[in-house]
Amino acid sequence: MTGLFPDNPKSPIDLLALEGQALRRGFFRIAGIDEAGRGPLAGPVVAAAVILPPGLLLPGVNDSKQLTEEKREELFDVIHREALAVGVGIGDHALVDRINILQATLSAMRDAVRALSMTPGFLLIDGISNIPMNIPQRTVKKGDSLSLSIASASIIAKVTRDRMMVEYDAQYPGYGFASHKGYGAASHLAAIAELGPCPIHRKTFSGVKEHLPSQPDCDTAGPSTGLFSF
């Protein structure tokens, strides 16, 4: 259950340490930021920003990669219900190819913060790169296993992206997007070799660019970024 007194408080309390440090420094509305989809060969990079009520514990919330799909889906709903604000930003395949994956990730993170229904006073960011915004912030290596806010953002980003890839699987059959979500699985690489890249493949990525025709005839139309506020 959620609340201030979980059955096993050690892990959730540890995950509030970074938020507690920011609160003691006088910052409020602390947003955790994380992304999903930096490594895949296809599809967008998705970032999420989550502001939780101070002191809220969410037992079970951890790095999304350590959770089952069923658990992520369950916690996705819990986070939306308990959070003060949730924002999502999307950098599509075309943006990734145009400005590189790091810059597309930072752009998606910035969009996620802008999509929040309230302005955060402090950002806790998974990774080592600051977001180009005039908001006090701190980067945290492996932050999705150290901060409840970042872990919550990790789950929102992962579930959002996975759902998008399931939709792409129906739109572009034969690649198996619903199963591997665009990552470089052997079955995915084999499909690219057989079918060639489809419109959502990242054409600057190894594993894809080797199979491009000399004059690509792929439609990269569509918005490069997206803002979604919950």
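Glycine is no exception: its Cβ is also placed from the backbone N, Cα and C atoms.
Just one of D111, D126, D162 is listed by Swiss-Prot for the same divalent metal cation site as D34, E35, and that one is D126. Sequence-distant contacts of D126 (divalent metal cation binding site), defined by Cβ-Cβ distance under 8 angstroms and a gap of at least six in the same chain, are G32, I33, D34, E35, T139, V140, K142, G143, D144, S147, I150, A153, S154. If you draw a 10 Å sphere around the CB of E35 (divalent metal cation binding site), it holds 27 other CB atoms from the protein chains shown.
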